[in-house]
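Quick look at what TrEMBL lists:
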BINDING   Gly146, Arg209, Gly210, Gly234, Asp235, Gly236, Thr237  ATP binding site
BINDING   Asp235  Mg(2+) binding site
BINDING   Thr263, Ile264, Asp265, Met308, Gly309, Arg310, Glu364, Tyr420, Met421, Ile422, Arg423  substrate binding site
COMPBIAS  1-14  compositional bias 'Low complexity'
COMPBIAS  27-42  compositional bias 'Polar residues'
DOMAIN    139-444  domain 'Phosphofructokinase'
REGION    1-48  region 'Disordered'
SITE      Gly236  site 'Important for substrate specificity'
Amino acid sequence: MASSGSSTIPSTNSYTRLPDLKIPPRSGSSADLTRSARSSRLGSPMEDMTKYEKKLLQGDGGYLLEDVPHLTDYIPDLPTHPNPLQDNTAYSVVKQYFVNTDDTVVQKVIQHKSSSRGTHFRRAGPRQKVYFESDEVKACIVTCGGLCPGLNTVIREIVCGLEVMYGVKELIGIQGGYMGFYSKNTVTLTRKTVDDIHKKGGTILGTSRGGHDTIKIVDSIQDRGINMVFIIGGDGTQKGAAAIYQEVKRRGYKCVVCGIPKTIDNDIPVIDKSFGFDSAVEEAQRAINAAHVEAESAENGIGLVKLMGRYSGFIAQYATLASRDVDLCLIPESPFYLDGHGGLLEFIEKRIKEYGHMVIVVAEGAGQDLIAQDMRSMDNKDASGNKLLLDVGLWLSQKIKEHFGKKKKTLNLKYIDPTYMIRAIPSNASDNVYCTLLAQCAVHGAMAGFTGYTVGLVNGRHAYIPFYKITECQNKVSITDRMWARLLSSTNQPSFLSKKDIEEKKEEEELQVSATSADNVNSITTRTGLGFSPILTLSLYHPTFMKPPRK
């Protein structure tokens, strides 16, 4: 039933490691270690998250495996154990229990005949050998950042996966986000206590923004004897998870750090989509339908719906395409202007005159530059460092009313803001299945000794992705892509872009692609004399190193 090969990672002879800084395991009191750790590091506890050790395996034809770290990278000679799944009756009908050790998932599925084999990630799934025995595992789960449909489902399936598939008995939940590691109580998690939580929205563990102190968090992890940490959150949370992994590795502590990417905006790169996104789009349909009914039932009726989308307009885009009742969709990636020939207000006036009503969908991050010019706003930020946005829905409503008022025309505008409603619901059937697979893949990876990774769907296959790949940039709607063209065709709205704007957008996207692919230029590389060229790369990454888009 097992696949060929018994090792979960390539043999230590298959690539050459660069020497690591060896720091002895923690000894002495928590206070002593904290003082020592703080004195040995520069800057804040989050500073080390900008340093990533890249584990790259390069083969023929441009094949590049961006591998994830493993416990044996810094704790050699760890014993292995047979995977208990092979004795699990539920899996007795499965033809092949375990993922082949050479299985990878390609990042870009569309290739030309002259293309290289491209970047690959390690395929997720159970391995033949595991690096933990069931009774030695003490796992914890934490949820951070904003709410998202499916959080409780992920928690449930991590607990069930560890307990049912691997026989793990000690699982705890960290309450209140990152700061809960050192300022909140924990809750015991069992299959019985999480049995029906997937039917509820939100998170049973509670959440918060900010509160990340790497030293205090890792102190708490080590003091409690935790050796598996599952962190559910967005890009900021995953950066924090990367910092925790670095500190755990620095101490030489046997502890897996695994991330499950979460964002309602679907703005995490590499992965096909984030969990909860389908549920959010489906719930947004209710608001759009209500706006359509209101607009259609009144003279010169306008239904204006504001949806989530701080920097990426995916919810607005997909909700618009799914609805077919929307006449205008505005997102952060596509600039627009209000007045003058070809402006937004002129288009609204023409559409009302032609059809008698219209529906407008606007993402919360759209038009922020225009609002700032009007209101001379301050650049305030929340606890996670996100810019506090001004209410584009209220602002746009007022501008439309002023325009029609000047022309003394009747207007019935209804503004609907379901912003937090769409993220507070339980996940739908599609997301429930997706959350289950993400959680189980995370559990399989942790038991197999992988660490410093996040799990996600890449081209329809689940993969283990190093933290730096999902925190180096944000996924955004490409307004030079066919999907945006489909939306424009559906709504029959203008793009509000000049030829110059389009060229600048294309150039901006090309710069981002080239910056991402060239981030290994200044790397330190060690090669072997084997038939292929495995490499291990150490490099520094920080978002500010990337070329800024053209203004």
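Backbone N, Cα and C atoms are what each Cβ position is placed from, and that goes for glycine too.
Curation plays no part in TrEMBL annotations; they are all automatic predictions.
Across Thr263, Ile264, Asp265, Met308, Gly309, Arg310, Glu364, Tyr420, Met421, Ile422, Arg423, which the record gives as binding substrate, the greatest C-alpha separation is 16 Å. When the Cα atoms are compared, Asp265 (substrate binding site) and Gly234 (ATP binding site) turn out to be 10 Å apart. Separation of the C-alpha atoms of Thr263 (substrate binding site) and Gly234 (ATP binding site): 5 Å, rounded to the nearest whole number. In space, Gly146 is the closest of the binding-site residues Gly146, Arg209, Gly236, Thr237 to Met421 (substrate binding site), judged by Cα positions. Counting neighbouring Cβ atoms within 10 Å of each of the binding-site residues (Asp235, Asp265), the lowest count belongs to Asp235. Put simply, Arg209 (ATP binding site) is 16 Å from Arg423 (substrate binding site) when counted between their Cα atoms.
Once the Cα atoms of Gly146, Arg209, Gly210, Gly234, Asp235, Gly236, Thr237, the listed binders of ATP, are compared pairwise, the greatest separation found is 13 Å. Fewest Cβ neighbours within 10 Å among the binding-site residues Gly146, Gly210, Gly234, Gly236: this applies to Gly210. Here the domain 'Phosphofructokinase' (139-444) has a mean pLDDT of 93 out of 100.
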